[in-house]
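I am attaching a structure below and will ask some questions about it afterwards.
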């Protein structure tokens, strides 16, 4: 059987942190594993949206940079050598007559005995700055993602938004940029209280309640933004080198909605085994929901072994759901 027709034990749809840990855990169970990821790299939103940000609620890490966590998860699963298919968005999943699954992507067809979906919030894209002329500066010095903090060294940066991402980025940019301003349409920020306290103590210029009403540039790059006071008459123009927009993201399940799974809003319903309404398909992480669900990376790390162990039992009912402890496996 060649690679094109190989039937894997477990195929993981989604290569974010929970998917990577699921791949490691499935490897510990001696499963053959494939990861299918729609993005060009592993790591999901951690790598794509905020690789430089620090995460504070991962067990065992007082603080860990998002990309560092992803790198560690990749290193952790490497001994089991899972097959990785990048830039492949899954279009459909169909159960075959023999009980295996056919997974069709935009590039290829894959086969698996069981599936674990770890697709996070599904497909996502940023809410864009809805102003004339803004689009021509996207990818130049209007940014929706930050992959390298050092590129802003010594530059005048404005951040627009009032949530955690906006405040966190402003605080991180303060360390490298020559000046940072944060613009929010309300007086109060929605970010975590601790972050807002740090913002108020920082050297960052806070512009509230203001909204950007005009972007000005020379065609090659943005040079100024005009701000207007909300429900007021004050307006001002800022000279900047970079404009970072943090209006949040619009997510969608996309084709997952058509796979025949039982859904609740934009989440897949699972039982205590992390099993979906289709036997053999399991979920872990933010993509799934159940009574009392809390959407955290740490929660997904706990759900992944449950999904994998029950998937192994589905493949072979003689297999124990409760495995040996890892300390025994690696001695």
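Backbone N, Cα and C define each Cβ position, glycine as well.
Annotated FAD binding site per Swiss-Prot: 37, 45, 50, 90, 124, 286, 327, in sequence order.
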Taking the Cβ of residue 50 (FAD binding site) as centre, how many other Cβ atoms lie within 10 Å?
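Other Cβ atoms within 10 Å of residue 50 (FAD binding site): 22.
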In which DSSP state, out of helix, strand and coil, do we find residue 90 (FAD binding site)?
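Reduced to three states, the DSSP call for residue 90 (FAD binding site) is strand.
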For residue 37 (FAD binding site), what residues in its own chain, 6 or more apart in sequence, show a Cβ-Cβ distance under 8 Å?
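Counting only residues 6 or more apart in sequence, the Cβ neighbours of residue 37 (FAD binding site) under 8 Å are 14, 15, 19, 44, 84, 85, 86, 87, 88.
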